[in-house]
Amino acid sequence: MDKLKCPSFFKCRGKEKVTASSENFHVGETDENQDRGNWSKKSDYLLSMVGYAVGLGNVWRFPYLTYNNGGGAFLIPYAIMLALAGLPLFFLECSLGQFASLGPVSVWRILPLFQGVGITMVLISIFVTIYYNVIIAYSLYYMFASFQSELPWKNCSYWADENCSRSPIVTHCNISTILGEIIQVNKSRIGANHSNCITGSEIYQPGQLPSEQYWNKVALQRSSGMDETGVIVWYLALCLLLAWLIVGAALFKGIKSSGKVVYFTAIFPYVVLLILLIRGATLEGASKGISYYIGAQSNFTKLREAEVWKDAATQIFYSLSVAWGGLVALSSYNKFNNNCFSDAILVCLTNCLTSVFAGFAIFSILGHMAHISGKEVAQVVKSGFDLAFIAYPEALAQLPGGPFWSILFFFMLLTLGLDSQFASIETITTTIQDLFPKVMKKMRVPITLGCCLVLFLLGLVCVTQAGIYWVHLIDHFCAGWGILIAAILEIIGIIWIYGGNRFIEDIEMMIGAKRWIFWLWWRACWFVITPLLLIAILIWSLVKFHRPNYAEIPYPDWGVALGWCMIIFCIIWIPIMAVIKIIQAEGNIFQRIVSCCRPASNWGPYLERHRGERYKDMVDPKKETDHEIPTVSGSSKPE
């Protein structure tokens, strides 16, 4: 309801007065939308969006990609892909959610035939949420383990085996027997410091770093493969429970509570990165590490390789969290006339600059590690789990005051993961709220906590001794090309079927009319460039698809089959919902398809005051409708 006719501290419902705090406490008295609520402040929204976009990949993947793809030269395709693919999709999703004030499933009233795309986004977010909190649990464990006078992975301890060493290990050498014969022996017969070896006859193999063996033997208690599930690692299970308790506590009032928590979780990582960069810059070898990252080692000839451009496009696409449903969900709580265009520019630039900045902090420390170990930076640099839980902890263990720096680093990973997780859970609860608004108003807390409990139980398999294999399996299948399919259908559906020009008119209802030249770039990207880029990335991903493995251990056939089942379960709802919508429509098959390709009669701005002439005949958005051809002025005519 647009205007309250009863006192401001009451919420009106017919003749009934209900205090806002007693039933619908996630809605503020000054909120524009008294059904769904709005962000308390613009800064709550911006920090939530930055926290959602800036995640672990900015720290553990982007620096490695930059180093591996030509150093500073990689920033050229990275910036181009941001302009051509990342930003157009980001702006589209922010505008879509804000215009209709609906989450990623209900917003497809814009094109009922494609409602399955929204379901796919939410299901993939659920799968990713399960394992993402396990990574947060790893960070919690390492942070707690760092509260010691000496980091437990600093030296090879009781948990280590004979391969634990920071220097190469002699596996074979020639020795001279008492009879004067020269024979080759293995390491079981080589004396201490291989003093009985004939000089120059030694055969070396790289040793396993203490941090690597600690990660596998202590933190994970990793089994030999996915077939060997083993037991639940109790301390990881407790850390996972704690992670879910933090998420549940932050979200129990929805955006009203999470919007305050992100003031810490979104800002603190920048403080830590700055501290780590300052500390790293003072270490010997830091300049060598940074030069490998972005300086003297820049290789512009790499730009001729298609793989570099594919890596840039892929990193931009996944880094900005487009097509996961979270951007639509978070933007749906904006006030109608919020400038979503400037928000999209600001968040995208912040995300990309954070990635670049994080690389300096990471490579300055790795450069020092390479310096003191007498290795090249290329020999110590890692990506993903190997960077976060092996290479960087190894470097921190060799710093004076290592425990302090380790606590800071893993607390930073914790906060980076948490605000991304907040948005993912908010995506789920927003979907539930749109589908069951009355239930959600009365039972937001138990439903939110219930979601966290169910996801915690589903995640227990990821903290068994085979847990890391499950984490990698879900990441390999669910966080890959399924999202690309959703993104391609999203942009084709909205721009080509609903109509790009019509969508631009919707945006101008929110942010005001713009000159035609303003929209020239966005039209070029939305209509042609962005869909073609996404299709190219999808085809490349399918062509380059390989069976998953972790630590060179292949997955069993049943594991690969399970991975395929997970992603098929997510995307199969696209054709299923299309068929359901067509069956529910009226007329012959052609008329049914046409009606499902037009907006539902309850599509448009949520509040009546914002509908104007174009949507003056719109049906109340709180009502479910059939798929009649809309009669809304400006929405019923094809593009």
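Cβ coordinates come from backbone N, Cα and C, glycine included.
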Cys156: disulphide-bonded cysteine as recorded in TrEMBL, out of Cys164, Cys173: Cys164
Close approaches to the transmembrane segment (561-583) from elsewhere in its chain (Cβ under 8 angstroms; 6 or more beyond its ends): 112-117, 119-120, 123-124, 127, 473-474, 476-478, 480-482, 485-486, 489, 548, 555, 589, 592-593, 596, 627
The transmembrane segment (520-541) and the transmembrane segment (74-92) contact flag, 3+ Cβ pairs under 8 angstroms: yes
Interface check, the transmembrane segment (404-425) with the transmembrane segment (74-92), three or more C-beta pairs under 8 A: no
Selected stretch (most C-beta pairs under 8 A with the transmembrane segment (74-92)) from 45-62, 316-333, 446-473: 316-333
Recorded stretch that, among 45-62, 113-144, 232-252, 261-281, 446-473, has the most CB pairs under 8 Å to the transmembrane segment (316-333): 45-62
Proximity of the transmembrane segment (232-252) to the transmembrane segment (446-473), 3+ C-beta pairs under 8 angstroms: yes
